[in-house]
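Written below as structure tokens is the structure these notes are about.
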Amino acid sequence: MSGQKPSLKSDDSAQSRFQVDVVMEASSAAPGPAAPSAPASTDGSRPPEESKGRFRVVGFMDSGAMDIGLPPDVSHEPDTAKSDSVSLHSTGTGHTHISDSHSNTYYMRTFGHNTIDAVPNIDFYRQTAAPFGEKLTRPSLSELHDELDKEPFEDGLANGEEPSAAEEAAALAAKEAKGGSVKFGWVKGVLIRCMLNIWGVMLFIRMSWIVGQAGIGLTIGIILMATVVTTITGLSTSAIATNGFVRGGGAYYLISRSLGPEFGGSIGLIFAFANAVAVAMYVVGFAETVVELLNDVDALMTDELNDIRIVGTLTIILLLGISVAGMEWEAKAQIVLLVILLAAIVNFFFGSFMPSESKEPKGFFGYRTAILLENFGPEFRDGETFFSVFAIFFPAATGILAGANISGDLTDPQSAIPKGTLLAILITGLTYVAVAISAGSCIVRDATGDHNDTVSPTVNCTDAACTLGYDFSICKEGGCPFGLMNDFQVMSLVSSFGPLITAGIFSATLSSALASLVSAPKVFQALCKDNIYPGLSVFAKGYGRNNEPLRGYVLTFCIGLAFILVAELNIIAPIISNFFLASYALINFSVFHASLASSPGWRPSFKYYNMWVSLAGAILCCVVMFVINWWAALVTLLIVLALYIYVSYKKPDVNWGSSTQALIYNQALTHCLNLTGVEDHVKNFRPQCLVLAGYPNARPALLQLVNSFTKNVSLMVSGHVRTVSRRSNFRELYQDYARCQRYLNKKRIKAFYAPVFSDNLRHGAQLLLQAVGLGRLKPNTLVMGFKNNWSDGNMRDVENYINTIHDAFDLLFGVVILRLQEGLDISHIQGQDELLSSHEKPPVITKDVLISVIPAKDSDSDSCPSKTTTVNKKEEIKLISFSFLTKSPLSLTDQRLLESSQQFKKKQGKGTIDVWWLFDDGGLTLLIPYLLTNRSKWGDCRIRVFIGGKINRIDHDRRAMATLLSRFRIDFSDINVLGDINTKPKKHNKLTFKELIEPYRLKEDDMEQEAAERLKAQEPWRITDNELELYKAKTNRQIRLNELLKEHSSTAKLIVMSMPLARKGTVSSALYMCWLETLSKDLPPLLLVRGNHQSVLTFYS
């Protein structure tokens, strides 16, 4: 017994607590002896080849005729201890029974190991291009729900097929052997970068001047204002960064995934450009300092300007080499620069506690209360104001996105960006405040540098310097070289070791330049990968383990070098600052927008944000933009707007689930609900059309004409009744829905696609008429194509077609029928527009065309929607593409049909729209032509109105109609009163009608009454003799109207005519169809229109 696998027996023994239906794995269909050694895994019953990440095809089998494999830890002996848990145990007969036992370890295994239904797993939620972990696919609903003879399951990892420890170790070793990318933590990746960027040259060469101008109090206020803006932006950045996995791209990624590609694409491009030019700014700042040192020792190479260019070029080449060497080398360089910068700052503070007499003439006296009090208030000079000084300082507070810009190189961006960014803002803010207080407490505003300028007893001196023994009152006249207001290098004077401050300036400029040189290509690469601007996709390629954007580095180098050679950055600098501020403003606005949209997907793990605070931050950023430089702010806004319009126009094929989508949904839902509480008013009536067009590419003329008068005005739904003789394949219906809606969008037809499965046209149309729509956004007009070949088809289809019209009237719908003499349905013609998207097309070299096979008996009927030829018989109704080596020539009929199908797509030119308003249906017959003439395609067409009347009242009827049309404010070119409308039709036309109805007559006089009644019941469309006699006058009217139409409207661009009504249950379907056929044959494009007899026009205001 030990050599056999126990089987599960299902019987009625007392030991069995419930019936078990066995699911057998394909690989274990036959029982056999157990393998002597099982692979090391958590599932001993699984052969090694089953652990390869595929779901297995399973089948239900007779439990008594098969065995199942059990894990080796299942005991084969009966258990004596009973409990409330259920377990499997073996009996002496070799069968395994269900019993209550807690001693067996089988049920202590991982939950779900014996089913393909998946337990929650993080790998199921990864995107396809996930940088960490493998993308796994959970079993689809079809795989769990469909019958077992369906298609095999897709690739995936079933429950219980967890890799063994050995497999995991092997996979990890393979990954390590390849060499993983370099990732940074929050200190090295975010904190250090942000601090280096914020601690710029402003700290060393402008901070003392700002304190001299604004005083300690206002300087702290300026620092706090700037810090408030950056802190709010930091909080917003943290919120976005913790709302899902963050890839590379920094500010661009954060904004684009929140607000969509329009905002993201526009800000991403200028943000990358700003970083590239910022490289030049920082390098020129470094070069200027170097050239000053060279000038002091009289070691200039040529002149100052060219020396700046030479030093700048050499510097940016060196920085490029560090960047191209890889992120790891760049990070090491940043650490070295940080150490130098920190040493310089500490050097300044140490020096402030070590005053010397030699430095006192230059204004440095050490910490003195008198100096603190004197420097606490402002003393603006040279036309400076609070806002102008703030504008000079604020660029020093930027750089908070330096860590976020390399988000793709962070180990855990969601944790690193909030911690690193906010801590950097705090540390640098405190540093700036400390430097301001220190400088303002130990250095006077003005000093001469002359040891002889001591206080004289005869001079009345009240300055702080006077209390310290020096008289600098001469400086009020100007010209003093020292002090806070005059010496930009005063920090070198204060420091204990002056050259270290110079090294700090070098470190600050080079670190900022290096950070910008890395940020710009990274952001630009992310932008190019998303293909927002197709021409820039060449820069999306990355190299090496870290996917380094080498091409982006070269481009950034070229941009930076170009501006370095210009060497005059005073004009471009304000624009760059505004570019950064525009990014900050949009990041803040993104958080406000996402919170306002209340999307369930907006759930950042960082909770310390507020939507209104973020909105205030966005407004503050915009205000600061204009404070810094109003014209630069305008230029920035114009550039952002231009790029936004461009991206909106191009409509990139991306979907990131932005908050813009969420807010649009919220607004649409709110407006729809608001509309439900408002009663319909005739002034706001608009024809909301349900168009039975089949597949959208099957009857383009029908959709294009309706789109002409509904586009941007009212609702249009492209309804599709898919008649099937088999069980409905709803999964296929869903797939076709996406393709058809894409087709409508691509063709710029403003419509919704609504398919249904049904056994016939009438039933499907009933479903659509009742269910399509939402609140007030519900169709009120049914639009159909005329059944051109109705006489060649099954009259049951005609019965369904006519009854569909009756159903529409029963539901108070208006009805519109379009007839083109060539027909409407072109789906049987090769080479038509496919509904498949480019990535769904099969990979063939020859041309893809759509082949639709339509029953010849009814090419224009909606009762038999387009069925396409397929290779797989399981999918009978599916839009697929075939490839043909040669395209067969079209017949003359098909050529005319194709030309006719496109006639409403082009501009109509000069002509007339003839409106035969014979019966008052509420005004729909008149409203549709008016809406058409408002469109540019139909704008050159004039409306002619035809009405019925008496021969002796023609002038009176014309004036009455003219008065009515003028009150409706509808322009018309002519009104024709048909005085001869009631004359008898021509004999040959009456004979033609008689021949038309002959095959459909019941001819009850030629058979017994019982047989006639039975035939009428079986074929209700039959025309009785009594019916013909009863409606003889109406029949003659249709024949006569066709004669008049040919006489008056044979050259019209479009005829819009009142559709005749047939009383339901009295007029047979065949007779009504013959009326419509007779009325509309051999004419230009004809619209038969009948409203629901409720007013759709009014002349009241």
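Any Cβ shown, glycine's included, is placed from N, Cα and C.
Per TrEMBL, region 'Disordered' is recorded for 1-53 (among others).
What TrEMBL records for 26-41 is compositional bias 'Low complexity'.
As annotated by TrEMBL, region 'Disordered' applies to 66-101 (among others).
Residues or ranges marked as compositional bias 'Polar residues' by TrEMBL: 83-101.
As annotated by TrEMBL, domain 'Amino acid permease N-terminal' applies to 100-151.
Annotation source TrEMBL lists domain 'Amino acid permease/ SLC12A' at 189-690.
Annotated transmembrane segment per TrEMBL: 190-210 (among others), in sequence order.
Per TrEMBL, transmembrane segment is recorded for 216-246 (among others).
Non-local neighbours of the transmembrane segment (267-287) in the same chain are 200-201, 249-252, 255-256, 307-309, 311-312, 315-316, 319, 405, 505-506, 509-510, 512-513, 516-517, 519-521, 523-524, 526-527, 532-533, 555-556, 559-564, 567, 569, 572-573, 576, 579-580, 582-583, 586, 636, 639-640, 643; each lies 6+ residues outside the stretch with a CB under 8 Å from one of its CB atoms. Here TrEMBL flags 267-287 (among others) as transmembrane segment.
Counting same-chain residues at least six beyond the ends of the transmembrane segment (307-326), those with a Cβ under 8 angstroms from any Cβ of the stretch are 182, 279-280, 283-284, 286-288, 290-291, 294, 300-301, 333, 510, 513-514, 517-518, 521, 544, 546, 548, 550, 553, 557, 560-561, 564-565, 567. According to TrEMBL, the feature transmembrane segment maps to 307-326 (among others).
Look at TrEMBL and you will find 335-354 (among others) tagged as transmembrane segment. Same-chain residues lying 6+ beyond the ends of the transmembrane segment (335-354) with a Cβ under 8 Å from its Cβ atoms: 188, 192, 195-196, 199, 203-204, 366-367, 431, 434-435, 438-439, 442, 491, 494-497, 500-501, 503-508, 510-511, 514.
Residues of the same chain lying 6 or more positions beyond the ends of the transmembrane segment (386-408) and with a Cβ under 8 Å from any Cβ of it are 131, 184, 186, 189-191, 193-194, 196-198, 200, 202-203, 206-207, 210, 213-214, 218, 222-223, 225-227, 229-230, 233-234, 237, 241, 246-251, 253-254, 275, 327, 378, 380, 416-417, 420-421, 424-425, 428, 432, 512, 515, 518-519, 522-523, 526, 547, 573, 577, 580-581, 583-584, 624, 627-629. Taken from TrEMBL, the feature transmembrane segment covers 386-408 (among others).
Feature annotation from TrEMBL assigns transmembrane segment to 420-439 (among others).
According to TrEMBL, the feature transmembrane segment maps to 497-520 (among others).
Annotated transmembrane segment per TrEMBL: 553-573 (among others), in sequence order.
Annotated transmembrane segment per TrEMBL: 579-596 (among others), in sequence order.
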